[in-house]
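Colleague: If you scroll down you'll find the structure; I have some questions about it.
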Amino acid sequence: MSQLSFEFPDNSVKQFDDGITAEDIAKSISISLGKKAVAGKVDGKLVNNQEPLHKGGKIEIITGDSQDGLSVLRETAAQILKMAIANDFKNIQFGESEADEDGFFVDTDKPETQISVDQLSDLSKSMEKIIKQDLPIKVVELSQADALKLVDGDAYQAELIKENTIDGKVKFYEIGDFKSIAEGAVLASTGKVKIFKLLSVAGAYWQGKSSNPMLQRIYATAFNKQKELDADLAKRKEAHERDHRVIGNELDLFFVDPKVGAGLPYWMPNGATIRRTIERYIVDKEVAHGYQHVYTPVLANLDLYKQSGHWAHYREDMFPPMDMGDGEMLELRPMNCPSHIQIYNHHIRSYRELPLRIAELGMMHRYEKSGALSGLQRVREMTLNDGHTFVALDQIQEEFQRILKLMVEVYNDFDIKDYKFRLSYRDPENTEKYFDDDEMWNKAQKMLKGAMDELGLDYVEAEGEAAFYGPKLDVQTKTALGNEETLSTIQLDFMLPERFDLHYVGEDGKQHRPVMIHRGLVSTMERFVAYLTEIYKGAFPTWLAPHQVKIIPVSQDKHGDYANKINDQLRQLKIRSSVDTRAEKMGYLIRDAQTHKIPYTLVVGDEEVNGNSVSVRRYGEKNTESESLDGFVNEIQKDIASYSRNE
RNA sequence: GCCGUUUUAGCUCAGAAGGUAGAGCAUUUCCAUGGUAAGGAAAAGGUCCCGGGUUCAAAUCCCGGAAACGGCUCCA
C-alpha cells in the first residue's frame with residue numbers, strides 16, 4: 001500500500017496509508033482530538049471526516065468549535081434544509097447553497113408559487129424530523145450522465161453538475177434517498193445538527209447575474225450550542241438598534257419624506273449640527289494640508305459630461321438631462337471631477353503649482369435604483385468630501401502616500417479602526433464598461449499596488465470594482481447590518497486629463513500632461529454621518545454631539561437664574577448648551593437627557609449656587625461629580641479639542 | 001430595477017368577519033416645587049400610504065401605483 005505524506009500546522013510531517021481518513025489521522029494524534037474532529041482540511045480544502053484520502057499535503061484537523069467547524073455544521077444544516085424542502089415541495093429546483101461566517105443559505109426555484117416566510121416554521125419542523133432520524137450522510141460518486149439524469153428537469157442543478165464534474169464524475173451527498181451535489185464537507189449524520197434557525201426569505205439572482213432569473217433564497221444559521229444561537233440572535237437585534245435609521249429617528253437627526261422624493265434626505269437641526277461640525281473640521285484640515293477649497297455648480301451643460309465620458313459610461317446612474325427648450329441641455333452632476341477640471345483649466349498652470357489640490361464639499365445627484373436606497377447610506381443627493389490633485393507623473397507615488405497619511409490622521413480623529421483596504425481594478429472580462437486603453441489601466445493598477453506595497457499595508461485586490469476612468473484604493477467598512485461599503489477612496493486617473501486636454505508648463509518650457517488623483521476622505525456627508533452614528537451607537541463624542549450640555553435646575557424658580565447664567569457662559573464659548581425649563585421632576589429631566597445621549601448633564605441647586613459649582617453627570621455613567629464651574633469648563637473644552645480620539 | 005414582506009396619531013404598535021378606529025410614549029393645560037433614569041389629572045391629535053373598482057356603505061375586498069424594510073444586482 002502506498003504512503004501519503006501530510007504536513008501539520010506545526011510543520012511536523014507524518015506518513016499514513018493511502019485511503020486514510022481525516023478522522024483516523026485525528027485519532028492518531030490524540031483520542032480527544034479524534035473526538036472533537038468534525039472534518040479535515042487538506043491544502044486549504046475542507047474534506048469530510050470519513051472521506052478516504054488519496055493525496056497528501058498540508059493538513060489541518062477541524063474541530064467543531066472552530067470557524068471552519070461551524071461552516072461544516074452549517075453546510076450539513078443546509079443539506080438537511082434542502083432535503084426538507086425536497087420532501088415538502090414537489091417540482092422544486094435548487095440553485096446554489098452556501099455556508100459562511102454569518103450562517104447559510106439555500107436557493108430554490110418553484111415555477112408557480114415561491115416559498116414564503118410563513119412556510120419557514122413548517123420547514124423547521126421537517127428539518128427537526130430529519131435530524132431526529134439521525135440519518136447517515138454518505139458521499140457517493142456518480143458519472144456525469146447519471147447525475148444529470150438524477151436532476152432531470154432542474155436546469156440549475158444540471159449547470160452545477162457541469163461545474164463540479166471532475167474526471168467525468170460528480171460527488172453527491174446521500175441522505176436516505178435524497179441526493180445533493182457535494183461541496184465542502186459535512187458531518188457524519190443528520191443528528192449531529194441540533195441548533196439551527198431559519199431566518200428569512202429573500203430574492204437572489206441565479207449565479208449573481210441580474211440578467212438571470214431570480215431564485216428564492218432562504219437564510220438560516222446553525223450553531224453547536226443554544227447559547228451561541230441566542231447570542232447570535234441578540235447580536236442581530238443589537239445591530240438593528242445600532243442602525244443609523246433607528247437612531248436617526250430617535251435622536252431626530254434626519255428624515256426622508258416619500259412625498260418629496262425617495263433618497264432625498266432632510267437634515268434636522270441635530271443631524272445638521274453633526275454634519276456642520278464634520279464639514280468645518282475637514283475643510284480646515286484640508287486647507288491646512290494645502291488643499292484649495294472651491295464652490296462649483298451642481299448643474300452643468302450636458303456637453304461637459306459628454307466630454308468627460310460620464311454620459312457614455314455612467315448614464316444609467318445620472319438623472320435625465322433637463323431640456324431648456326432652446327437647445328441647451330442641463331445636467332445634474334453625478335460627480336465633481338469635471339467641475340474641478342474647469343477650475344484647473346481656468347488658468348495656464350505651471351509645474352511650480354503641482355501638486356495642485358482642489359477640494360470641495362461637492363453636492364452631486366445620482367439616480368440610484370429604488371431598491372438600493374437606504375437611509376443616509378445610499379441616497380440620490382449627496383455631498384462628497386471631494387478633492388482632486390493634479391500632479392506630474394513623477395509625483396504620483398508621493399502624493400498618493402500623502403493622501404493616505406492624511407486619511408489615517410483623520411480616521412484617528414474620528415476613532416475609526418475597523419476597516420480594510422481594497423485595491424479595485426477593472427474587470428478584465430468586461431472592459432467595455434471602462435475607458436478603453438489597456439496600457440493606461442495596466443500602468444495605473446501597477447502604480448497603485450506599488451505604492452501600497454511600498455508602505456507595507458495589507459490590502460485585498462478586487463476585479464471589477466474600479467471607477468470607469470481608473471483603478472481605486474477603497475477603504476471598506478461594514479454597516480451595522482454587516483453590509484460592506486466604501487468609506488474613503490483614492491483613485492488614479494490618466495483618462496480625464498487626456499479627455500480635457502489638460503496641460504501644465506514644465507521646467508523645460510514645454511507643455512506636459514498632468515495626472516489626476518481623485519480622493520474622498522470622509523466620504524459623503526450622508527454616508528459618513530450614517531457610519532459614525534452606527535459606530536458610536538448615537539452616543540456622539542462631545543465635539544460632534546448636537547447637544548453637548550443640558551443644565552437642569554433643581555427648582556426652576558430658585559435656581560433658574562444660575563442655570564441661565566452658566567448656559568450663557570457656555571454658549572459664549574461656542575459650547576452647545578441649553579437649560580431644561582420644563583416643569584417636570586428632576587428624575588424625569590435627567591432620564592430625558594440620558595436617553596438623548598447628551599454627553600454632560602449639569603444639575604444645579606442650592607449647593608451649586610452657593611459654591612459657584614456644578615454637579616456633573618456624564619452620559620452613560622451613574623456617578624455624579626461636583627466640580628467648580630471653571631473646572632468643568634476647562635474639562636469640556638479639553639474634551640471637545642480631543643475630537644473622538646481614544647488615546 | 002428584481003424577489004419577498006410591510007404601510008393605522010409626532011414615535012412604537014394594537015385593532016378592524018365591510019358600518020369612518022385604540023393603547024403607551026411624546027405634545028398642550030392644570031395640580032404637584034423637586035437632589036440624579038418616567039409624580040398625578042385632563043385635553044388635543046387620524047385622508048387607517050395614494051389612485052381607481054366592487055358595494056347602500058371601503059380603513060377593511062379587488063386592481064394599479066408609491067414608499068419603507070430584508071435580500072439580490074449596483075454603489076460614495
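Cβ from N, Cα, C; glycine included.
In TrEMBL, annotation is done automatically, which means it is predicted and not curated.
When I checked TrEMBL for this same protein, it listed these features:
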type: BINDING; residues: A:Cys337, A:His388, A:His518; note: Zn(2+) binding site
type: DOMAIN; residues: A:1-63; note: domain 'TGS'
type: DOMAIN; residues: A:269-541; note: domain 'Aminoacyl-transfer RNA synthetases class-II family profile'
Colleague: So for A:His388 (Zn(2+) binding site), how many other CB atoms are inside 10 Å of its CB?
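Modeller: I count 24 other Cβ atoms within 10 Å of it.
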Colleague: Around the Zn(2+) site recorded as A:Cys337, A:His388, A:His518, what other same-chain residues have a C-beta within 8 angstroms of the site's C-beta center?
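Modeller: Checked against the 8 Å cutoff, the neighbours are A:Met335, A:Asn336, A:His340, A:Ile341, A:Asp386, A:Gly387, A:Gln491, A:Asp493, A:Leu496, A:Met516, A:Ile517, A:Arg519.
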Colleague: Provide the three-state DSSP residue tally for the domain 'TGS' (A:1-63): helix first, then strand, then coil.
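Modeller: The breakdown for the domain 'TGS' (A:1-63) reads 14 helix, 27 strand, 22 coil.
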Colleague: Including all protein chains shown, what's the count of other C-beta atoms within 10 A of the C-beta of A:Cys337 (Zn(2+) binding site)?
Modeller: 22
Colleague: Using a Cβ-Cβ cut-off under 8 angstroms and a sequence gap of six or more, which residues of the chain neighbour A:His518 (Zn(2+) binding site)?
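Modeller: A:His518 (Zn(2+) binding site) has long-range Cβ partners A:Cys337, A:Asp386, A:Gly387, A:His388, A:Ala467, A:Gly470, A:Thr489, A:Ile490, A:Gln491, A:Asp493.
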Colleague: Specify the secondary structure state of A:His388 (Zn(2+) binding site) as given by DSSP, simplified to three classes.
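Modeller: A:His388 (Zn(2+) binding site) sits in a strand per DSSP.
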